[in-house]
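**Student:** Just passing along the structure, written as structure tokens.
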Amino acid sequence: MDSLIIEEEDEEALATLVPVPPRRKTHSYSLQFDHKPHHQIRKHSLDEVPRSATLASEAVYFDSSDDEFSTGGNITENAADETNAGAEEYTIVNPPPNVGLGDDDTEPLPEFIGAGGGSGIFKVPVRAAVHPGRPPCLELRPHPLRETQTGRFLRNIACTETQLWAGQENGIRFWNLEDAYEAGCGIGGQVPRGDEDTAPFHESVTTSPTMCLVADQSNKLLWSGHKDGKIRAWKMDQSSVSHDDDDSDPFKERVSWLAHRGPVNSIVISSYGDMWSCSEGGVIKIWPWDTLEKSLLLKPEEKHMAALLVERSAIDLRSQVTVNGTCSISSSEVKFLLADSVRAKVWAVQSLSFSIWDARSKDLLKVLNVDGQVENRGDLPPIQDQQVDDEMKLKFFSASKREKPQGFLQRSRNAIMGAAGAVRRVATRSAGAFSEDTRKTEAIVLAVDGTIWTGSISGLIVQWDGNGNRLRDVNHHHRPVLCFCTFGDRIYVGYASGYIQVLDLDGKLISSWVSHNEPVIKLAAGGGFIFSLATHGGVRGWYVTSPGPLDNIIRTELSQKETLYARQDNVRILIGTWNVGQGRASHDALMSWLGSVTSDVGIVAVGLQEVEMGAGFLAMSAAKETVGLEGSAVGQWWIDAIGKALDEKNTFERMGSRQLAGLLISLWARKDIRTHVGDLDVAAVPCGFGRAIGNKGGVGLRIRVYDRIMCFVNCHLAAHLEAVNRRNADFNHIFRLMVFSRGQNLSNAAAAGVSTSAYTTKSNTIPSTGAEEIKSDLAAADMVAFFGDFNYRLFGITYDEARDFISQRSFDWLRERDQLRAEMKVGKVFQGMREALITFPPTYKFERNRSGLGGYDSGEKKRIPAWCDRVIYRDTQSSPFSESNLQCPVVSSVIMYEACMDVTESDHKPVRCKFHATIAHVDKSVRRQELGKIIRSNEKILSIFEDLRFVPETSVSTNNIVLQSQDTVILTITNNSPTSQAIFNILCGGQAVVKDDGEDADYNPRGSFGLPRWLEVSPAAGIINPEGSVDVKVHHEDFYSMEEYVDGIPQNWWCEDTRDKEAILMVNIRGSCSTTLRSHSVKVRHCFSARVCLLENRPTNLTKNLGGSRRYPTDITRNGSTRPRTEDSVRRGKSR
């Protein structure tokens, strides 16, 4: 090999150069060395590394089947007797069903159970038929396996009172909420893979990936923005569009056009019904409603003409605020838009700044940064990424020409320590790079009281007033905020940790729970639910009453129906571990080890150690890890060779692998269970040379099997007889710090429009607090298997004595001398985990290519044989005799634990362990149906839903308002309820031109019930306290017709619209948690006395008396508004 090989002696010498705790001055002895009848072996132990009580690691949201995990609950203490340390302590675990029935070779083996498994992160996770730690939910779309969603991931959602729409990578889909509790189509149904248990839905034709959605309920349209720069309109009522009986045909868009050169990041509809969209390069465009309306009236076969009509009407705001080449807004990407319907403004959100625009005049009002400071100039230089240090590029292995020649140890030490230092520097540099990222805005929402709330990557939530003044900061969770939504007087926050939090309007925390096992990327309210979408594509509906009495009723009722939706499946798992000593194996050796025992196996996990070693390789591996690269040609050779032995072309399918320096783990699943296996994630934790190099450490794979989570971890722990405490510390370090990579999920997050920096922000850049942050990924799994070269040796025994006992196959006494068993017995390592009875000879150390038990090391060192290569695991059993059910979903037993003594290619023997696992899981389609039956029939639940229909009694000061030019009238809304707040918002149900012949006018709504341009209403939404009132200004603003735009240029701006017009205002009233509303109708009429007035130039300031017009004398009201003395049609309401 080209790289330098580190032999065991050299490794020991190098270890003395590593900054680790010094050796003790006096010899110390572990409990395992007490009462030895043979020659005492001194244990030159390192100082015991203390285990920290807590660990600020990435928030754990991986919760098994994504709905049964809870971090709370009591677990039965470990069954192992810790007081009797000297006796054989093996426990026969209750065999799962269908095991050992008349077939002796499948009888479960006795197992030893380690102490200390009943507390902290080593506690068995709590499971239940219905999650005990969060509100029950409607599983509209259960978590699909990631592998089934390639090219089809859900990106975003939008909701109305009757439908939920979702944007996908390949189109649009929607659910009718009246069908939300219906059964899915099941496996083999006419639905794509991953949607077998999804409630009935409808899909569109294939489109470019969907970036954003907005619902226009006034015109029954759903608008979508796409990655190809197009905006599409979809009819909400697809039944009226379809002309055949086949409801499964994909539906088509009503109209579409090319809106941007880049992806359409966000769409909103302003208070005046115009559509605003944004994209890269700071581009914001407005699409006037009048043009959109005309395009929608064209026939489907005229869609090209409709697209051209809309495209030519665009108003580019960036060009309008650019003067002499200087733009008032930044050229960075506009990520979000927010329509402030209270004050008729639009907020445009860039990463570190906001711009606020007037929705009516389209003027730029203010530009401010995320700290609330007003910025006076745009086009700020983009933030430059930190450059990699030159030494990172050049100094992994190079030495100065002036240096004296160095020996092997010094050169190896320089290379490896240089790489370790590089890893630490990159980690520190990355933390600095994230310091700016943590301020970036990731979400924005308008609350019912008119305040604006924004969330950042750091978890900071900021409240703003409508003018961009920063009011308060709150921070209840130190993970990135990804989305908001509001319902009533509550604000819902979705985090990258999978948490949902509920806040009041003062920012105080009401409730919090883990909603998904992956980031919550979108929230939407409608139909009495708060719907959440996770990056994996799962959609859940949370009742708006949660947390509340409804939760306990549903949880109790649904738990009692467990037998109706509980299912069980069995799977056999083969685990193989081998320290290959930098060699390669023949096909016959691999067949002997693995291929010969896989006929009944569903999953195969293989771990190799010392695939490659040497200072050069370790340094290169560390360098590659810092830039996200892993693996090697030798590692790939091993994966291919093992795959060939498993017949992966016909029988097994390779799921994934992970390599860290010399450590390699890979996993295969049998093809006939492939539809139930997926969501593979990877992890690596280095433990060698300052916890930075992978010559020692662990690599892991996490996978979902029948909706349960299994973790497989391949380890290579510290070497040498005396390093027991270092081995214990290595295990503790791996168990606590193993965070499974979202490497495969990053593509999902990007597809979903989630900021990569938000998604990858880790605990080393953002502090973590609270018990919810302490759980590790491994602690949250249903089954965890550790295997590898653990390096625990036999103590208190000589080489010759060990050889004698081995030759006599007297393993009972040798097991008493096993360091690992002694450490597990006192709860120092592998706490609460189990190992089958060892009945094979020690697997280390052998002379290569020498068969039989005579092959043990006979060289000068004569290393004492030892069981270095082991397989240890835990499942969800809290006692040795648990049965598989939804409270204990994974029950496993070992039916084979062997070493392949005939394989001689390495100084270690390969070990294999076969498990039989019984897995209990939920049929989520059936459970959703049972939930629907409970919701429709339970009297207490129906009573709670009826209470949600309560709306406070309110009144308005008038139902008719008449305005003339520049008039302002006060509309008073009064809340007559003595106890309840009333939430109001004012929309325009339609506008019309008054006909001269007295016929009824045709009222047409603008986009999203927007106001006509001649009318201003302020405030258009808000909260009215009990027995209080609010004054709303209804103001007429002279409007010059600017409806027709060609390439953004007004074509007839010199004409004033002189026709009398009417608008119907809808004053909608809700309670603080109402699912229904009441509406007051107010007719507003504008009378124009002068019929025609042609002006040569558009006036900058409108005069009170236009030429030829007749004006009434006016009064100045206490609010500064004007009102004709002779007009009695409006009654001023009393202000309170």
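Heads up, the Cβ atoms here are built off N, Cα and C, so glycines get one too.
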**Student:** Identify the region 'Catalytic 2' range according to Swiss-Prot, selecting from 109-124, 669-684, 861-876.
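**Tutor:** Per Swiss-Prot, the stretch marked region 'Catalytic 2' is 861-876.
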**Student:** Restricting to the same chain and to sequence separations of six or more, state which residues have a Cβ under 8 Å from that of Lys940 (ubiquitin cross-link).
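**Tutor:** The list for Lys940 (ubiquitin cross-link) reads Pro549, Ile553, given in order along the sequence.
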**Student:** Taking the repeat 'WD 5' (515-552) as reference, which of 147-185, 205-244, 259-297 has the most Cβ pairs under 8 angstroms?
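**Tutor:** The listed stretch sharing the most Cβ pairs with the repeat 'WD 5' (515-552) is 147-185.
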**Student:** Could you give the mean pLDDT over the repeat 'WD 4' (436-475), rounded to a whole number?
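**Tutor:** PLDDT averaged over the stretch: 94.
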**Student:** Helix, strand or coil at Lys940 (ubiquitin cross-link), per DSSP?
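**Tutor:** In three-state terms, Lys940 (ubiquitin cross-link) counts as helix.
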**Student:** Provide the three-state DSSP residue tally for the region 'Catalytic 1' (782-798): helix first, then strand, then coil.
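**Tutor:** DSSP classes over the region 'Catalytic 1' (782-798) add up to 0 helix, 8 strand, 9 coil.
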